[in-house]
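This report concerns only the one structure given below.
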């Protein structure tokens, strides 16, 4: 029956089976261990160290977790053993990891069936018992947690509750007496701390799920036994097709990366875990910035290469300084092409929500967008580093195989737990490192705060030149794609017909719009855009044409619908250097009233505009018309007596001739580019006077656009002239260098092209394309020959300079090496001196402490002697002889126990002292103590 409060409304019951059900959220055992580590890390406990060990108690293998944090009161321990109580808050910038008040229950019950918690906070000491075995034995219907509380003098508080809880603990736990419980409390060093003991560990094939034998300083997950392949390493479920990193099966490796910036030391089986600043222990470190739309701030992403193992790569995703997902592959790393190998990314996703086992994030839209953005950022970093490093190391090794070292070396002080940056070249560090060992005098004191990090969250630390060059390369290679994709375009995608309403013609008119940009070569013209017009989709006062870009000129004409295979453009059929981008817009039918005026005026205006800009347009009718459209469309158009728009289209050739004259000193002749397009005819019966204003407005816009294009063409001409002058200056300098370095060679041969060029220029004849091509090839050959001569001269010059400077360089190098050795020895001596100073200081402190203890013991011995003598004197004068004897015996017993303690203390100071041969009933120990005190006083005075 569930408990009933005074109001009579029942409380919800919690079945003991829920302890096991709740623990199944941890499919990976190390995630349960991490929950217990998080409890010691959180700011309410704020432990500096946590010890994780394996021990045996009453023939049971146990896991122990001991920390030196703030401990807990009995009430706080009760909330910890209950469900959903979490009052953790941020303290001094330390953000808690725990969110749900469920970590200890799920983690401890995942590792074993029974757990005991020992804690003390300086005032009280408490013992709590959470056990599935105990609840099964007593057949409990609710979760029951016995808790015993002691005061500083080891006396129980709240006797009624504590006695019942103590009886349950002594009967059903590994500790059968109260003294054993107090001994575990004494195992907590210091006045505050917590100790957790877990037993009845989860088993797998008649053994625990942990391997304690392979590495005596680690806790590992054993290898899987495969019947066909033998033993194979453990892998997490999501990494079955990948190389498993060591953190998947080694608790020591997992704890080293568990926190983005560790604030606590973790000691596993007696050996400290070498925690690392994950974002600082990479090579070729660069930072990028992620600007999500669902956040008002930016997020920093750190990229770098793994220096230890290139097969361990991916994104390390942290939440509030705690690792959630490790080595998550994104972007190009998901492809089987060895891209992104060795690249590690670090991001702190405080804006995402982790699952309650803290091993994944909720699969929300924000998470998907973040993963997508991480993939793009990683691709940028990979492409940039691949180009940069392959240029720096021109060898056959890819960038992921180049030997790398971390960009920076950081170490954590064992006293203040602050992170300090070390200079380059320090490889070996002592087992315990303190701020006083820092070569940098600015950070040689534990009181000095940590070195500030780069807080620029707006700009990346590297320029993405690869992306810029890729865009530029695509822009340059754009003309190469047009001839290849133009024959493959399905005409049904370009020319689609639609059925209109009864009051409109069943036709959509398409208008091809070839945009002629500036001609970058005298042998080719370039098509930029091909659009389908939408006459009815825009207001009447606006132009039917799309706004032109700054770099293009326009040539538009009205066409009728083509319903059969597309017209092939022979001028681009064999051109491999050009490109076209086809943009298709759906158009809606419109009454044909406006079409005649608009089409006629557009053709005329474009002809006049092109004549002004130097472009000649000739309309040449094709001898063969295009294939007729379907009879259905034709008959439908004829059924309307008021409006008739024919769907039959002819294919006249529209020849565009553009001639540009370049300056004579450039050596470039006039080139002719011919472009054939689809001509159009629009037959209409009525015209509208209202469309004249709209057409004039269109003409005005076209004139302004043509003026802009003409101005830009003139600008490009001026730039071309400037670049030509620069090329001539460079060629002149190159010739002067050749004249200085080699003897002049006279060539009595003349080239035929020069003569032909002069003859044609005199006669006013234009050169053919073949002549221009041959001249261009000869110019290229001449440039290559000059380049080879220049490189040969440079090589000769460099060899001469190397031969003269080799001896001097060798001497300078030897001196530099010697000087470097001297500085290294000096640094080493300085470090050793500081270490010795620290050891001397520690020894002096220990010596003074021992001296004070000796003095206290000596005074106590003297007091006991005086009381003993006084008691003996009083006993001799008393009438009854038996009572003083017993009193003296009690004093002598205290004196003997005190001498035993003094003897143990003296054995630590005097190693040669054999306590087994010492008689504690006489004053031998007192004399030895006096001698040691005299020697210590003499040493301190000297």
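For all residues, glycine too, the Cβ spot is worked out from N, Cα and C.
Candidates 470, 563, 613 were compared with Swiss-Prot; the annotation phosphoserine appears at 563. It is 404-454, from the ranges 251-301, 302-352, 353-403, 404-454, that Swiss-Prot records as zinc finger. Matching 207-238, 623-654, 655-686, 687-718 against Swiss-Prot, the residues noted as region 'Disordered' span 623-654.
Listed in sequence order, 413, 415, 416, 418, 434, 435 are the same-chain residues six or more apart from residue 446 (Zn(2+) binding site) with CB atoms under 8 A from its CB. Of all the binding-site residues given, namely 413, 416, 435, the one with the smallest number of surrounding CB atoms inside 10 A is 416.
Per-class residue totals from DSSP over the region 'Nuclear matrix binding' (326-353), listed helix then strand then coil: 4 helix, 9 strand, 15 coil. In this structure the C-alpha atoms belonging to residue 205 (SUMO2 cross-link) and residue 280 (SUMO2 cross-link) are separated by 41 Å. Nothing from the recorded sites 280, 293, 797 places its Cα within 10 Å of the Cα belonging to residue 191 (SUMO2 cross-link). Residue 280 (SUMO2 cross-link) sits 28 Å from residue 293 (SUMO2 cross-link), taking the CA atoms of both as reference points. Of the chain residues outside the Zn(2+) site list 413, 416, 435, 446, 414, 415, 417, 418, 420, 434, 436, 445 have their Cβ within 8 Å of the site's Cβ mean position.
Across the region 'RNA binding' (503-594), the model assigns an average pLDDT of 39.
In this structure, the CA atom of residue 797 (SUMO2 cross-link) is 58 Å away from the CA atom of residue 293 (SUMO2 cross-link). Residue 797 (SUMO2 cross-link) falls within a helical segment according to DSSP.
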